[in-house]
Amino acid sequence: MQQEKELVKQKAKELLLDLLSIYTPSKNETNATKFFEKISNEFNLKLEILPDSNSFILGEGEILLASHVDTVPGYIEPKIENEVIYGRGAVDAKGPLISMIIAAWLLNEKGIKVMVSGLADEESTSIGAKELTLKNFNFKHIIVGEPSNGTDIVVEYRGSIQLDIMCESTPEHSSSAKSNLIVDISKKIIEVYKQPENYDKPSIVPTIIRAGESYNVTPAKLYLHFDVRYAINNKRDDLINEIKDKFQECGLKIVDETQPVKVSINNPVVKSLTRALLKQNIKPRLVRKAGTSDMNILQKITTSIATYGPGNSMLEHTNQEKITLDEIYIGVKTYMLAIEELWQKS
């Protein structure tokens, strides 16, 4: 057992440092092509690259381990100190992805066919997960790899609506203007704004506003973007109509949308992950997340899904991303135990 653990940790160290050295912000996933070709050859896992998103698919089977290879922008030089690995994506989500790749390799060596994906664009519009749903893939089970502290099983994510609003007005000299598009729209923003308070209450948050071209002329056009988040028990159409009613004189366009997801605690993946953690004397927690993940998308191609992964979720998107080799090992072990149970029951 100890020998296996040291083997996994050594391989995880090698692979994660290699992958962290490759800068893969969203839309730049092709930078990792040689890495996945090497993995395919070394671990005898068939490699497929989805053409539209440049997502990487390794192996075959009806069980999918799905993580993502893209990161938020900002390269961080990878390093290791006392079995702690630092670098952009160490937590979100190259650490979970490496755990999944190693688990898939070891499972396939045992004759348990598992597919693992390094999806593209999760940090943007999830075009990798969306392309996967269009490729006629159907999986009995999917485990999504995101940092969940190595103990948490995510059973619910909120949905999101990304709204562009374009407003126009007659420009006037600022010294004598009778109206001002910035002032008028600012009042409406304040009226429609819903601050993120708790999971069950929707949020409507302005994130971008652009207007004006001259110091002394009121703007003729204004661009505004809202990031709307809502739980599965909130009414999507009511939120959109509320914004439409407030901005009746402006144009409104939904530029991206992700449906919320919620799975039962009796879901096979949830139960198998729970038992996998208990077998390691780790107390599992079922949690829900205020953001979104590829789980929101991938729910379309399976009836059995949940999210789990190693890594401190509080470090996501920060310049302090780090993960320990022990965390990665627990991730590998948990994925393997869960999939072995799912495989036996299939």
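Backbone N, Cα and C define each Cβ position, glycine as well.
Zn(2+) 1 binds His68, Asp92 as Swiss-Prot records it, and from the list Glu6, Glu14, Glu131, Glu146 the residue named for this site is Glu146. You'll find the Cα of Asp92 (Zn(2+) 1 binding site) roughly 7 Å from the Cα of His317 (Zn(2+) 2 binding site). Of all the recorded positions listed (Asp70, Asp92, Glu123, Glu146), Glu123 has the fewest other CB atoms within 10 A of its CB. Of all the binding-site residues listed (His68, His317), His68 sits in the most crowded Cβ setting, with the most other Cβ atoms within 10 Å. On its own chain, Glu122 (active site, proton acceptor) has Ser26, His68, Asp70, Ala93, Gly128, Ala129, Ser293, Asp294 as residues at least 6 apart in sequence with a Cβ closer than 8 Å to its own Cβ.
Distance noted between the C-alpha atoms of Glu146 (Zn(2+) 1 binding site) and Glu123 (Zn(2+) 2 binding site) is 12 Å.
Same-chain neighbours of the Zn(2+) 1 site beyond His68, Asp92, Glu146, judged by a C-beta within 8 angstroms of the site's C-beta center, are, in sequence order, Ser67, Ala93, Pro96, Leu97, Glu122, Glu123, Gly145, Pro147, Ser293, Asp294, Gly309, Glu316.
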